[in-house]
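**Student:** This is the structure I want to talk about, given as structure tokens.
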Amino acid sequence: MAINWYKYASPASFYTLAGKMVPFFAIIAFGLLIAGLYIGFFVAPTDFQQGEAYRIIFIHVPAAWMSMFLYVVMAFWAGIGLAFNTRLSSMMATAIAPTGALFTFLALWTGSLWGKPMWGTWWVWDARLTSELILLFLYIGFMSLQAAIDDPRRADKAGAIIALVGVINIPIIYFSVQWWNTLHQGASVSVTQAPTMAATMLTGMMVMVFASWMYSIAVILKRVRVIILERESHTTWVAELREKGAL
Amino acid sequence: MKPRHKKLAVITAGVAALGFAAVLVLNAFQSNLVFFFSPTQVIAKEAPIGKNFRIGGLVEEGSVNRGEGTTVKFAITDTSETIQIVYTGILPDLFREGKGVVAQGKLDDNGTFVADEVLAKHDENYMPPEAALALEEAAKAQKASLTQ
């Protein structure tokens, strides 16, 4: 059986599909969050160097990963929207930005809270911290630019250019700790090497990473539904929903 | 406002945002991409001697000498060169012999680095204390078997 994927590129059918998916992802996100926090705070052992303070890793690392990953996904959808003029892709990009900005802020904030007791400072202008701060400005720039343009199709195009130009920052963030001397330490978990973390610690962190994924999917789908309704409010299918009292 | 004026304003805003990001990047490139210099670089005069700069390395084992008040003298090394550091102030909790630090300050005439800030640089290893102890003992045993 061939699935007609193009059907779901239409905002009307995607609106219904996303509506069915949101509760599913939300429930998984909630379950993983509880499990991850439990492992992080009660099961994972104390660290030999940092004592209990290292436990902020269970929020810091998932937030930092999501902040970078969501940016790439946002730029991808924005680029597709720009290239093929597909409305839904651009709406996806717009829906991703606030969640990406939230995770970027969380990564910076928890990093600062962690830096003070461990490094002895809230903030330093090293390559890792600076490039992550630029990521926050890119998200905010994308959102404010789109908000400043009344015509949504033109807002999509302008935002797509910022999103695409900013992608260059992602490898800079990721490799900053290898390319330059930084105060921030290197990666504990990477594709090419065995993780340098005790197994329970790693489990807790990965569960939190999956929780963040599920949370992001749920919230972004929910947000894209609202954007679809807003932009399609003049169409007959939205009018029909309104008549049925489904809105 | 005519539509084309609006478009112009939008483009200007976008360019300004990108410019701001680029300025931050370049600024970081200029003075901070090298967040610290190693003792070897300092000895080779690659660091901006005479200005404030940061120096990073491991605290040499047995070099920490606590003086009067909160003045501490210690040496940092990158295993090939060593620089003496003097610092007055509170050291971070993770400051330990054999562990990484980054100090900010200036070289004096005697080649001693007078620091006004000392930050701890920890590594990316996380493990329970028992595991760290086991690793340490394994390393000791290996060393002992090598020297026999």
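In case you wondered, yes, glycine gets a Cβ from its N, Cα and C as well.
As annotated by TrEMBL, domain 'Cytochrome c assembly protein' applies to A:8-184. According to TrEMBL, the transmembrane segment annotation covers A:21-43, A:63-84, A:91-109, A:129-149, A:158-177, A:197-221.
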**Student:** Going along the chain, which residues at least six beyond the ends of the transmembrane segment (A:21-43) come within the CB cut-off of under 8 Å?
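**Tutor:** Cβ under 8 Å, 6 or more out: 55, 58, 200, 203-205, 207-208, 210-211, 214-215, 217-218, 221-222, 225.
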**Student:** Where else in the chain does the transmembrane segment (A:63-84) make close Cβ contacts, counting only residues six or more beyond its ends and a cut-off under 8 Å?
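**Tutor:** Residues 90, 92-93, 96-97, 99-100, 103-104, 106-107, 110-111, 132, 135, 138-139, 142, 156-157, 159-161, 163-164, 166-167, 169-170, 173-174, 209, 212-213, 216.
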**Student:** Below 8 Å between Cβ atoms, which of the listed ranges A:91-109, A:129-149, A:158-177 makes the most pairs with the transmembrane segment (A:197-221)?
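**Tutor:** Ranked by Cβ pairs under 8 Å, first place goes to A:91-109.
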**Student:** For the transmembrane segment (A:129-149), what are the same-chain contacts with Cβ under 8 Å, counting residues 6+ beyond its ends?
**Tutor:** 64, 67-68, 71, 74, 94, 97-98, 100-101, 104-105, 107-108, 111, 123, 155-156, 158-159, 162-163, 166, 169-170, 172-173, 176, 182-184
**Student:** Looking only at residues six or more beyond either end of the transmembrane segment (A:158-177), which have a C-beta under 8 A from one in the stretch?
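**Tutor:** Answer is 68, 71-72, 74-75, 78-79, 81-82, 90, 93-94, 126-128, 131-132, 134-135, 138, 141-142, 145-146, 149, 184-187.
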